[in-house]
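**Student:** Have a look at the structure that comes next, please.
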Amino acid sequence: MTDRTPDDLYDALRDRLADYGQEPPAPLWAKIRAQLPPPVAAPQLRRRRRRPIVLLGLLLTVLSAAGWQLWLVSRSGPAVMPAPQTVALGSNAPTNAAVASPASAGPSASPKLGKAALENPGMSGASISETKSSPSTATTDNLRLATQVRPDSAASRRSGPYRPQPAGSVAGPFAGGSQARNPRLAVLSRSARVRYSAGQPSLAVGSTDSSVELPTAAAFSTSGSEQGRLPVDVVVAPSAGGHKAVERSTAPVFGPVAASATDYAPGAPASLLASRPVAVLSPALPQPRVQLRTDTFSTAPAVVRRWTVQVLAGPTLTHQHLGAEPASDPSLPTGIITYLDSIVNEFSRRERMSTGYSAQVQVRRVLTGRWSLSTGLGYQEYASQTTYVASTSTSTPPILSSGVFDMAPPSPHRSTYRFLTVPIRFGYALGQSGGRLRYGLLAGIDAALYLGGNSAGKEAVPTAWSISGSPYRPLSASVSLGLDFRYRLASHLEVLAQPTATYFLNSLPRPLSGLTPHHLFGAGALLGLSYEFR
Amino acid sequence: MPPPIAPVDEALLAACRRGESAAQYQLYQRLAYRLLGVCLRYCPNRAEAEDALQNTFVKIFTRLDQYRGQGPFEAWARRIAVTTALHAVEQHRLRHPTPGTDPDDLAADLPSAEPSALESLAAEDLLALLNTLPPGYRTVLNLYAVEGYSHQEIAELLGIAEGTSKSQLARARRLLESRLATQHYQQLP
């Protein structure tokens, strides 16, 4: 309106006609109402909006549960320690631990021992020795007491009621406190499994997978015989002062076991035994094997090691795939609206690939040796370049003139679509895992929340959309497939490169928007860093 | 009876976006009177104008989410009415082609009228007088004089050159003045 000049005739025309009007006919509203879509009830609106969120939450729950199960399965793999086993007899063996007979301990004793092992995963001096004070009197309470022994309390108790007993006593020289002089010998593998040759029923010790096959009370009663001897490699680690307990020893120590040790040193005074370790090897006897669950204690530190936080960002080449048929709204009249639709559809067909970008913050969890799961938050911008626009005027839409579309001179326009994403990625590592460079496959889905953008709507005019009021779906889903390259810079730090392709599963415009259905897709390389917690 | 001129409040628009019939009807009652006047100024007859008004309201209600609040809602609705009416005119022209006559011949050797001649005409008579103008002239004259569009906007809207818009406006003015003068002289005793 810059070229307007005052004119009396035009001013008079405007004064007379600007507010001129006439009453429309009464049936006109009925015709209009018949062409409008039926009103959507508020509950339906809420339900429709909530449905994707509920589905997304359900998907996340299922994926989390599946990942957790995979993790549990990966941790429960058996590992058998090669024989011969080394068992340490701690000073607190007679009292701090107890092994009940199958009849007295029962199944309930097993979890408690397993709990004890978990509670002392890293203690260097803890002695989780298991002994049989009396096969017939050991109770569940004994086991509970035994499992609650702490390293510091174990040392303090050694000096008290568990002093060396006179010769002939079962605990004898080993009860005065012990210290593992040779920790290597004192360490017992988590997968060790004790098995006695007496062929007696086994007793689960530790977790449910643990089993210690013990002789019966009758077998132990013959403490002086070969049958009653400890049929394992035994390291007697008497302590000079009871300073440190045997490291991670889960030795099943029994009364007959102690007796067998004294058999090997029948004349040894208690002081001599207390001053130096005595190793008793009996390779001819059946080797004990203790099989414990991997989650008892030794793998506890590995749980923390599997978590990583990674930050990724990078450019992406994005475009959109137009659907086969334009969306049609049966309630809309043909004619004008179809005419405008055709402009917009032509507008969309002329769009070309452009560059967007993406940034993500993810938490990654290694499920097994090769599988991993990562999720987090991201920001993604899709863009496309338009070679021409129908009309760049924001005040007037284009109209049909002389039966053809009148397009303004070509002018570039960049349509953008911005999303907040929740990426969920499954990774599968390929190749060897020992080197600095690792690589693998990535696949997953993204939940994309439309944040806004700048694109042409129904009026074929570029418009800056916000979250609300846009002709696009607020929530979309996309699938991603890519590669994962990792190069370890330091013990905790890795450089990441993830070439990834993404495709929208659903059409971005709403079904009733009248816009041509189109699916966004893009391919790019995300670069970033990964910090690994240990 | 024209409804009072009052800005459409956001609550009413929000209710219309939700598809509430009562709100839609209320908005229709507030806008229909003047929007029919817009359509009547462009369309060749009342039936075409009513069809254009119907399509205008359908577009308004189905594209309410595209109204960004930049400017009065009535102006936004009026622009939709203008474009819809122009499209109706174009469709009518395609359906009913008329033999071409040189509009310049219509305005040749006719006396010009004073702007005060408009004062003596009722709005309906003035509208009828405008309808005697060729469609192209009437359209440009309406867009420029009544709607307030610039020649650049008219050119973009109609897909014509800006110079064409100016020349058509000048000829439309000359023709309107001559017809006003003719009518004025006929009314003189």
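Here, residue 1 is simply the first one shown, and the rest follow in order.
Backbone N, Cα and C define each Cβ position, glycine as well.
Just lifted these from TrEMBL, have a look:
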- B:27-93: domain 'RNA polymerase sigma-70 region 2' (DOMAIN)
- B:124-176: domain 'RNA polymerase sigma factor 70 region 4 type 2' (DOMAIN)
**Student:** For the domain 'RNA polymerase sigma factor 70 region 4 type 2' (B:124-176), provide the mean pLDDT of the predicted model.
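**Tutor:** Result for the domain 'RNA polymerase sigma factor 70 region 4 type 2' (B:124-176): average pLDDT 90.
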**Student:** Which residue counts does DSSP give the domain 'RNA polymerase sigma-70 region 2' (B:27-93) for helix, strand and coil?
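**Tutor:** In the domain 'RNA polymerase sigma-70 region 2' (B:27-93), the DSSP-based counts are 57 helix, 0 strand, 10 coil.
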**Student:** For the domain 'RNA polymerase sigma factor 70 region 4 type 2' (B:124-176), how many residues does DSSP put in helix, in strand and in coil?
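**Tutor:** Split by secondary structure, the domain 'RNA polymerase sigma factor 70 region 4 type 2' (B:124-176) comes out as 44 helix, 0 strand, 9 coil.
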